[in-house]
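Over in TrEMBL, the protein carries these features:
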TRANSMEM  25-51  transmembrane segment
DOMAIN    41-287  domain 'G-protein coupled receptors family 1 profile'
TRANSMEM  58-78  transmembrane segment
TRANSMEM  98-120  transmembrane segment
TRANSMEM  140-164  transmembrane segment
TRANSMEM  205-225  transmembrane segment
TRANSMEM  237-259  transmembrane segment
TRANSMEM  271-289  transmembrane segment
Amino acid sequence: MGGLNDSMVNEFVLLALSCSWEKRLFLILICSLLYLGVILGNLFILFLVIFDSHLHSPMYFLLANLSLIDVGLSSTTVPKIITDLLNEDKIIPFQSCMTQICFIHTIGGVEMVLLIAMAFDRCTAICKPLHYLKIMNPKICVSFVITGWVIGVIHAMSQFLFVIKLPFCGPNEVDSFYCDFPKIIKLACTDGAKLEFIVTANSGFMSMGTFFLLILSYSFILVTVWKRSSGDLSKAFVTLSSHITVVFLFFTPCMFLYVWPSPPPSLDKNLFIVDFAITPVLNPAIYTLRNKDIKVAIKRLLKKIFYSRFC
C-alpha cells in the first residue's frame, strides 16, 4: 500500500451525483427503497434457508450464499451514494476509492463462481439424479464457496496491484456514481493504455467467459430436459427460468462496462443501477416467486408465526 503515500491526489469527486436538489431527492428515495429491498429480501432468503430444515440442500446452500453476496455487492456502493446525495460535497478519499474497487471486484468474482456452482448443481440434479447427493456433498458445496472467495481476491488484487502504483496528479473528477478500475486509470498522469488492456482482459474476458460457460451449461440442461419430457420445451424453461434470468441480469451490465472500451456516460450510469441495486433486489423475488420449495417454506414460516401468536 506504499503507493498511496506517493499519490498527489488524495480524493476523488463523483460528478454523477452533482445534480439539482429535486433530482437528488428522487435518487435518494429510489436508492433507499432499492437498498431496503436488497437487505430485507436477501436476508429473508438467508434466514429461511438457515432455519427451515427442508431447505438444507446443496441448491439452497448456494442460494443463501448468493443472497449474502448480493447484500455485500450492493452495500459497497449504494449507502455511499445515499450519503453523498445528502451532502453538498461528493468526495471519496483515495483510500476509500481503492477499497471500494477491491470489494466490488472481489464480490463480483465470488458471485460468478457461485453462479457456475448453481449451474453445476442443476446439471447434476437433472442429468445425474441418482448420484446428486453424493456428487453435491457438503464438502463440495463449501469448496465452491471457498474457491469463489479465492478467485475473487485474486481477480481484484491482480488489477489493484497495478493501479495502486499509478501516479495521480490530477484531474480527480470521476463521471460516475462510484470508483472502478477503468474510470480511475483514465485519471492517471501516465499512458494507461496497457493497463486498460489488462483490465479488459481480466474483468472483460472473465465476465464473457463465465457468461458463455453458463449459457452452454443451461443450454445442455434445457436439451436434456426437453428430450426427457418428450419435446415439451416449456417444462424445461420453467425448470431453469429463474437461474437463466439471474445470469442475464448479472452479466449483461458487466460485459458492457468492461468489454466496451468507452461506453456512453448515460449508459454507464444506468448499467451501474442495474448491477448494484436492481439485480440484487430482483434476485430474491425471482427465486421466491418461481420456486415451489421457497413458497412452501414461506407458508410453513407463516403458519408457525400464526400458531405461536394466536394459539
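The backbone N, Cα and C atoms fix where each Cβ goes, glycine too.
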Legend entry - Interface-richest range of 140-164, 205-225, 271-289 toward the transmembrane segment (58-78), CB pairs under 8 Å: 271-289
Inset, instruction - Considering only the recorded stretches 98-120, 205-225, 271-289, state which has the highest number of Cβ pairs under 8 Å to the transmembrane segment (140-164). - result: 98-120
Legend entry - Distal contacts, the transmembrane segment (271-289) - CB-CB under 8 A, six or more residues away: 31, 34-35, 37-38, 41-42, 44-45, 63, 66-67, 70-71, 73-74, 76-78, 176-178, 242, 245-246, 249-250, 252-254, 256-257, 263, 295, 298
Legend entry - Averaged pLDDT, computed only over the residues in the domain 'G-protein coupled receptors family 1 profile' (41-287): 85
